[in-house]
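Annotated in Swiss-Prot:
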DOMAIN    324-586  domain 'Radical SAM core'
BINDING   338, 342, 345  [4Fe-4S] cluster binding site
MOD_RES   552  N6-(pyridoxal phosphate)lysine
C-alpha cells in the first residue's frame, strides 16, 4: 500500500468545500457573515449551544435515539474543535481554515485535502441527526436480505425468543462470511500448502525434518544481511517461491545501509510461495519493509537511537538494560535482537543483527538484575528485548535463579515472538525449566494474524500450558491486519490453541512506520462493531495507545482522549490522557493521527469495499 505524497493531491474546489455545510447551512452562514475568526467562534458557540438545547428539550425529532445521542456527541466534538484553548494545545486553528476557505481564500483551499472535507461532512451530518448511524454497518444488508429487526414491544415470550435467536443466526451468517476471508494456519488447505513449502526449503537447504524442527538450526540459518537476500533470490530462481523485484531491492538496500533484517526459515515457509501478497500479505509485511521505512531509517542513520525512540526509553532508563514507566513493574532487556525482526518494532532504534553481539554481556545483565533486587517496588519483572528466548536455556535459568532470590518479586513475564517465528524453540526442556520456577511466570507474545497460528504454534503452547504457563497475546493493530473481522478471526484462532487475548495495541505513531498506521477511530470501531459479537472470554484484549515516556493508555472513552482539532490534511489531533491522571500531577499528550480518508484509500487499493467501514467517521 503506497501513501500519496502531498504533491499528488488535487486542490479541493470551492464548490466541493461548500457542499459539506448542506446538513447544517447555518454554520456556513455564520462563517460567511463573520468579519473575523473570533466573531465566527462566538457565533458558532451560541449556535451549537442552542442546537444542543433544542435537542435536549425534545424539539428536534430523531428516528432513533442512537442518532440523538450521536448528534449531542458530535456537537461536543465541534465545540472542542473551535475551542480557543484547544487551538493553543494543537498549535493551530481548524476554525481559521474553515473560515478562510468559506471566504474563498485560495491558499486555505490549496492546503485542504479530501480527508478534511470528509471529516466535516460526516461531523455535520452527525450534528444534524442525518448520519444514519443508528442503522449500523450491517443494518442495510439485513434489510436487503429481508431480515426483520425484533421489536420486543410487539412480541413476547417464546415467540420473541425464537425470533431473536433466528435474527442473531442471520447476523452470525454475515459474521462468518467475513471471518472466512482470513484463512487460519490450522486450516487443512494451509497445512498442506506449508508442508510442501517445508519440503521445498528442506531440499533447498539440504536438511532433514530433524534439523528443520531443531531451533538451533533455525537460529543458525536466519536469513539476514546480504547472504539472506542472496538466498531469497536463489529460492526464486530454483523453486516456486515468488517475491517481487521491488521487495528484494528494498531488503538489499536496507541491509546495505545497516538496517537489521531477519527472517527464520520457519517463518519463510508461512509465505504463500505461488500466490503471494494475497492471503500472506500480513505475514510478508511483518518482515519485508516498505520503501518509506527504509528511506527514513537511512535518513537518520547517525541519530537513529534518538530519532526513533518514540517511547522515550532514553529518558526512562535508570540503568543500562532497564526501562521503567510504571510503579510496580519494569523491563529488563538481556538480548538486543530477535531471530526475526518485525518492521513495526518500537525498538527498531536499538535492535541489532541476530548474532552474539546482541548480548550485552553478563556484567551489564547482572547489574540490571541487582537494580531489581534493590527496588522492592518491583513486584513483577518483564524480561524482553529483543527476544530473550534467543538466549540459551542456561542463560535463562541463570537469570531466573537470581530473580528467585528476590523476595519482593511476585512474578516474571517473558516477552517473546519465538512462539510464532520459531515455535520449535519451545522445547520440552525449556517448558519444564520455566514451569519449575517457584514464582508466578507468564509469557506475552505477538501473534498478528490467524495465518500465523499453525500446528507448530499449537504444540509449543501445549508444552507451556502443560507446565502451568499461560500465554497472553499483545496484538499490534497495524494497517495490514486491520480489515473487517480480521482481528476477530485472530481471536478465534488464538483461543483454539490456548493463547489468551491480552492487549490490542495502536501501533506506535512513529514517522518511519507511516505505512503501518491506522486511525484510532478504526481500533475503536473494531472493538465496538466486531469484537463485541464474540463471547466475552474471546475479547479479553484491551485497546491500548502508548504515550511516550508514560506508557499504556486505554482507548475506552473520552476520559482517555479528546479530539481537539482536524488538520487540513484530515489528520485528527487528540489530547491523550495518561494513566497517571487522577493519581498525581501529570501532563497530557498531543497526538496527530493518520487521516481516516488516507487509511480507507489504502484499504480500497487492496480490494476492500470501504462502504463496509462507513461508520468509522463517528468514532471520536
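Cβ coordinates are placed from backbone N, Cα and C, and glycine is handled just like the others.
Within 10 Å of the C-beta atom of residue 342 ([4Fe-4S] cluster binding site) sit 22 other C-beta atoms, taking all shown protein chains into account. Put simply, 345 is the one of the binding-site residues 338, 342, 345 whose Cα lies nearest to the Cα of residue 552 (N6-(pyridoxal phosphate)lysine). Residue 345 ([4Fe-4S] cluster binding site) has a Cβ environment of 20 other Cβ atoms inside 10 Å.
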